[in-house]
Amino acid sequence: MSKSTNIIWHESNITKADRYKQNNHKSAVLWFTGLSGSGKSTLSVALENELFQLGIHTYRLDGDNVRHGLNKNLGFSPEDRSENIRRIGEVGKLMSDAGLLTLTAFISPYQEDRDQVRSILEKDEFIEIYVKCNLEACESRDPKGLYKKARAGEIKGFTGIDAPYEEPTNPEIIVETDNQSLEESVQVIINYLKEKNYLVND
Ligand SMILES: Nc1ncnc2c1ncn2[C@@H]1O[C@H](COP(=O)(O)OS(=O)(=O)O)[C@@H](OP(=O)(O)O)[C@H]1O
Ligand SMILES: Nc1ncnc2c1ncn2[C@@H]1O[C@H](COP(=O)(O)OP(=O)(O)O)[C@@H](O)[C@H]1O
C-alpha cells in the first residue's frame, strides 16, 4: 500500500536503450531462489566472476548482506520475508534501469512474491533460477550451522524445517547443485544468457 501522494514521475534523458548501447549488453535480474545452503551465494559469486571476465556490468545482492543494511529492520515472518523480496525487486528494477545484470541470492520462499517481482520488470528482464538441492544435502552442508540450530529449536521458522519453501512453478533455469558441479551450473546459466542474446547488443 502506497502512502506517497502528489508525486509525479520525472523522466531522464538517458534511456535504458542508450545504456544497452553503451554497455553492449542487456540488463536483467538473475533471481536465484532456493533453500538455505542450496548454493545461491556460491553460484552467484562464481557466475559474477565469469560475467565480469566477459566485460559485463554486474552487481550482486545477497540476502545476508542486504539484511545488514537496507533490510535490517526485517525478520523472517512471512510478512517480513515478503517485504524483503518486494524491496529487493525494486532495487533490482533500479539496477536494470541503470543497465546492469543484477544477481540476487535470496531464499524468496513464496511463489507469489517472486511473481510480484517478475510483474514489475519488463518481459525477459526477470530470469528465475531455481537452485535445486534436496533438504538432506542442504542440511548436511550446513555452511553456517543454522540447520543444527533450527533442529535444536534455537531458530524458529527456519525455511525447510518449520517454515515453507514453495518450489518455482515455471523457472527459466533449474540447476541441481546436489547433482551438478559448480562449474556445470555456471555454464548452464552462461549458455542461457548467450542463447537468449543477453550478452550482446542486437
Ligand atoms: N528463519 C530463517 N529462515 C531462513 N534463513 C534464515 C533464518 N534466520 C536466519 N537466516 C539466514 O538468513 C538468510 C536468508 O535471508 P533471505 O533474505 O534470503 O530470506 S528470505 O528470502 O526473506 O526468506 C539465510 O541465508 P542463506 O543460507 O544464504 O539462504 C540464513 O543465513
Ligand atoms: N554444486 C554446488 N554448487 C554450489 N554450492 C555447492 C555445490 N556443492 C557443494 N556446495 C557447497 O554448498 C554450500 C552452499 O552454501 P551457500 O552458497 O552459502 O548457499 P545459500 O546461499 O543458498 O545459503 C557451500 O559451502 C558450497 O561450497
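Sequential numbering from 1, following the chain as shown.
Including glycine, each Cβ sits where the backbone N, Cα and C put it.
Break the domain 'APS kinase' (26-175) down by DSSP state and the numbers are 61 helix, 28 strand, 61 coil. Taken from TrEMBL, the feature domain 'APS kinase' applies to 26-175.
Feature annotation from TrEMBL assigns ATP binding site to G34, L35, S36, G37, S38, G39, K40, S41.
Per TrEMBL, active site, phosphoserine intermediate is recorded for S108. All chains included, 27 other C-beta atoms sit within 10 angstroms of the C-beta of S108 (active site, phosphoserine intermediate).
All protein chains included, G37 (ATP binding site) registers 24 other Cβ atoms within 10 Å of its own Cβ. Of all the binding-site residues given, namely S36, S38, S41, the one with the smallest number of surrounding CB atoms inside 10 A is S41. Among the binding-site residues L35, S38, G39, S41, the residues whose Cβ lies under 6 Å from any atom of ligand 1 are, in sequence order, S41. A Cβ within 8 Å of the Cβ centre of G34, L35, S36, G37, S38, G39, K40, S41, the residues given for ATP, is found for these other residues of the same chain: A105, I107, V131, C133, C138, T177. Proximity to ligand 2 (Cβ under 6 Å from any of its atoms) holds for these recorded positions out of S36, G37, S38, K40, S41, S108: S36, G37, S38, K40, S41.
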